[in-house]
Amino acid sequence: MTNYAIILAAGKGTRMTSDLPKVLHKVSGLTMLEHVFRSVKAISPEKSVTVIGHKSEMVRAVLADQSAFVHQTEQLGTGHAVMMAETQLEGLEGHTLVIAGDTPLITGESLKSLIDFHVNHKNVATILTATAPDPFGYGRIVRNKDGEVIKIVEQKDANEYEQQLKEINTGTYVFDNKRLFEALKCITTNNAQGEYYLTDVVAIFRANKEKVGAYILRDFNESLGVNDRVALATAETVMRQRITQKHMVNGVTFQNPETVYIESDVEIAPDVLIEGNVTLKGRTHIGSGTVLTNGTYIVDSEIGQGSIITNSMIESSVLAAGVTVGPYAHLRPGTTLDREVHIGNFVEVKDSHIGEKTKAGHLTYIGNAQVGSSVNVGAGTITVNYDGQNKYETVIGDHAFIGSNSTLIAPLEVGDNALTAAGSTISKTVPADSIVIGRSRQVTKEGYAKRLAHHPSRSK
């Protein structure tokens, strides 16, 4: 059995009120088009054809070489859009799935079941339908007394009886590929919209006594077509519930799943504890036994097992096992933390590698640095890495002790086991096993405070 797919992605999406093409709006971190394309892969199509139109280059860039593309210059209806794909699929034997690119909730399992139903019933066309609580706006499925599908009626063309029908057309179909394009040559624009309706091919098949069937979705949510921001928010809510439920089934604990945002490509190992208001985005991986506390935000990062992240932001970073971060820390892109590193409150790290068991507990900036293992970085330490034009590197050796309020002016190297005195400004190499003091000598002038205007003795 050979399958093909046509994805309709040419529309502008006027009701979205956006410069972005409708199918490129995101749901849980992926564009709607990407969600649809991933689900389509479940039927293993020999060839996928995406129909593009409005801002076509932007849409094409999302799928790149994963799909063939055809251009619909004028948007003259769904039937017209499918006609554009004939140049890619003409004369091929097999079954063609037609699906809209704005249906992000459709699952691969449902599409696979649709194809199987179509093949097993030897249909020339199969419509994916659903039972809608409120069918207004949808095309209605009209059946005869034997339950056979005889036609699909659009909302604007439906009579009073047809408008009461609850079974709706989801806009997804499977056709015999050759018969699809033969039938499309017979449809017209004689309807309320003045467009070529893809649904008109059903009546053509019925007139020829060819078999048309309908496969009913189990979950109405999968039928959602996103036409405005309200529907986009609905899709986001449903997708978020799916994602959190999937992780819970796989052994992840959520204290308040309704407040958590996790994108589609995030991976979470078992026995992770996630508190409320946590955000996980991009290609993030969370290792087993890790705890993410309230307010943590992580994007495109790897967190090792048994780590504890407390109310902190982590971007494009790699953390080994047993790391503790926060509260209120910020790990910026390019950060690597080895095992059992501790990054404490109000510490910022950027584009730096920090060795095992090193600690930076408070109020510190580490940028463009290579820090060894078992280093203590005192509170208030700053790596001065930028001169206004270029960034420079700081290298700190193993077991070094950086005193509080040290200012390390890069490029700089501090050797193994070296110590910088608190309050020092260091601008030259510190050899291994050295102590460096880079501050002015304290001068004490006894009794001088009595000369100051605010001294208590002056108010008498």
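Backbone N, Cα and C define each Cβ position, glycine as well.
Since this is a predicted model, take the numbers as computed values, not measurements.
Annotation comment: Swiss-Prot describes 1-229 as region 'Pyrophosphorylase'.
Spatially close to Arg332 (UDP-N-acetyl-alpha-D-glucosamine binding site) yet at least six residues away along the chain are Glu315, Ser316, Ser317, Glu348, Val349, Lys350, Asp351, judged by Cβ distances under 8 angstroms. In the three-state DSSP reading, Arg332 (UDP-N-acetyl-alpha-D-glucosamine binding site) counts as coil. The UDP-N-acetyl-alpha-D-glucosamine binding site annotation in Swiss-Prot covers 8-11, Lys22, Gln72, 77-78, Gly139, Glu154, Asn169, Asn227, Arg332, Lys350, Tyr365, Asn376.
The annotation Mg(2+) binding site is assigned in Swiss-Prot to Asp102, Asn227 on the grounds of sequence analysis. DSSP assigns Asp102 (Mg(2+) binding site) to coil, not to a helix or a strand.
Beyond its flanks by at least six residues, the region 'Linker' (230-250) meets 16, 25, 27-28, 32, 104-105, 221, 224, 257, 260-264, 266, 268, 270 of its own chain at Cβ-Cβ distances under 8 Å. The region 'Linker' annotation in Swiss-Prot covers 230-250, and the record cites sequence analysis as its basis.
Annotated region 'N-acetyltransferase' per Swiss-Prot: 251-460, in sequence order, evidence recorded as sequence analysis.
Residues near His362 (active site, proton acceptor) in space but far in sequence (CB under 8 A, at least 6 apart, same chain), listed by position: Gly344, Asn345, Phe346, Val347, Ala379, Gly380. For His362, the entry in Swiss-Prot reads active site, proton acceptor, with the evidence type sequence analysis.
Neighbours of Ala422 (acetyl-CoA binding site), defined as other CB atoms within 10 A of its CB across all chains, total 16. The acetyl-CoA binding site annotation in Swiss-Prot covers Ala379, Asn385, Tyr386, Ser404, Ala422, Arg439.
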When DSSP states are grouped into helix, strand and coil, how many residues of the region 'Linker' (230-250) land in each?
20 helix, 0 strand, 1 coil
If you count the C-beta atoms lying within 10 Å of each candidate's C-beta, which of the binding-site residues Asn169, Asn385, Ser404 ends up with the smallest number?
Ser404
Non-local Cβ contacts of Arg439 (acetyl-CoA binding site) (under 8 Å, 6 or more apart, same chain)?
Ala421, Gly423, Ser424, Thr425
Want to know which binding-site residues, from Asp102, Asn227, Asn385, Tyr386, Ser404, Ala422, are within 10 Å of Leu8 (UDP-N-acetyl-alpha-D-glucosamine binding site) at Cα; which are they?
Asp102
Tell me, roughly as an integer, the mean pLDDT over the region 'Pyrophosphorylase' (1-229).
95
Please name which of the binding-site residues listed here, Lys22, Gly77, Asn385, Tyr386, Ala422, is nearest in space to Asn227 (Mg(2+) binding site), Cα against Cα.
Lys22
